[in-house]
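Listed in TrEMBL for this protein:
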- Lys133, Gln196, Gly225, Asp256, Lys395: UTP binding site (BINDING)
- His226: substrate binding site (BINDING)
Amino acid sequence: MSLPGTPYNGGQFERVRSLSVTGFEANTISVASKQLRIELDRLASMISNDEKRAAFENEMDNFYALFKRYLQEKTSTKKLDWDVIKSPNSEEIIPYKNLIKCSESKEKEILNKLAVLKLNGGLGTTMGCVGPKSAIEVRDNMTFLDLTVRQIEYLNEQNGVNVPFILMNSFNTDDETKRIVQKYTGHNVNILTFNQSRFPRISKDSLLPLTHDPEGKLSYWYPPGHGDLFESLYNSGVLDRLIADGKEYIFISNVDNLGATVDTSILNHMIETDAEFIMEVTDKTRADVKGGTLIDYNGQVRLLEIAQVPSEHVDDFKSVKKFKIFNTNNLWISLKALKRVMEDNELNLDLIVNNKTLETGEKVIQLETAVGAAIKHFKKSHGVNVPRKRFLPVKSTSDLFLVTSDLYKLQHGELIMNPQRMFNSVPLVKLGDHFKKVGDFLKRFQKPPHILELDHLTVTGDVTFGRDVQLRGTVIIVANHGSRIDIPSGAILENKVVSGNLRILDH
């Protein structure tokens, strides 16, 4: 409503209001940015050792750059244009079956140019374990690390090559991992380790670090996602060392993906096509709806993560029909190209804002990046649609149930699908909270059941399994609260629903 005698100009009022809001936000960003810089400098000044202080300042500079981007993107009106997103074309996603298998003589030649890196920053806390997740036993008393070392050692021995094995640790896993890898000293594998960055958790309210000490509580710090790989590999000197040793390519994957083994067909394809970056993707199922996917964005291949998707388009993103593939996080990268990207300061990975609540109730912000997002910075980059067997992650005891079963055979550290399995697909397994921790999971099976003919298994409640149990078709076992079900040794359950209270006592 206008004052008497004053002509109403609503548009002008809105413009003035808009400018006022913009000015307020710009001032807020400026103040928050300056305050954080002061606090980071103060933390650095508390470190007396010159070398350690320089390393800390470098990490905090990288964090500060990420924080400034966060503030800018927070107020930016420039968002992802959903209408521009297209499915990748035939040149951006190559079917694995179209790759040419290279000869044995060429295999040796190209393997000598390769290094293998595992992302080893995660703890086993979600599965009830203490220490690095890679130290969890997953098959035949062997850990993730044991299996990978065995694979690479066999690869080196069979081909007369020297493929080094590199681990990117976090401050959570570094000390323990360094102790563990000492046991591989006598093996035919050259093992290198380096640490990814350590960034301070930021209070959501104050936008300042929770910590007041550069060596403060571990819970006040976090590893900033695997997108930090490039910076850390470069700063650690490992990148230059690999190039000096004649290595030209690096194969990167998650340490808990038991399907991520060296594949010379993909490496050969990379060399033949002169690609600087290849991402392995695989067909999406309903279990993979949250996984990142490759898209064509204004004619450029890019990784799209669910965190970047506008809320009104999340259902579209999860659609198996629209986005048919997802990122396995198995990546092949040219080391020389990686060095160029780093030295030219070209890397600008999409920001992932991870909001968390600590046990104290404090709300914090973690700023992270994804390693696969770098695909847009490399020449001739594209995806290869690989068979599902190359994506075999162990994120839970339900996954552990599968890899410890007779569904797979172990061959030189590699899990091979049992040829007696009549289907290419893996059973869908859902184990309840009683099985969530590895210790509880192991106590509930006298021996892993036979599941070659299993399609679907759901188990909830207090349930135990005897020896030589066979599960076929669809099996659902539900022990209601206060009840217990013991599946006796030698039992055969085929397309069965078992519920109630069943106890078979051994005599």
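Backbone N, Cα and C atoms are what each Cβ position is placed from, and that goes for glycine too.
TrEMBL annotations: computationally assigned, not manually curated.
Features recorded in TrEMBL, as mapped to the structure shown.
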{"residue": "Lys133", "record": "UTP binding site", "Cβ within 10 Å": "24"}
{"residue": "Gln196", "record": "UTP binding site", "Cβ within 10 Å": "27"}
{"residue": "Gly225", "record": "UTP binding site", "Cβ within 10 Å": "23"}
{"residue": "His226", "record": "substrate binding site", "Cβ within 10 Å": "23"}
{"residue": "Asp256", "record": "UTP binding site", "Cβ within 10 Å": "22"}
{"residue": "Lys395", "record": "UTP binding site", "Cβ within 10 Å": "14"}
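For the UTP site listed in the record, the two most distant Cα atoms among Lys133, Gln196, Gly225, Asp256, Lys395 lie 21 Å apart.
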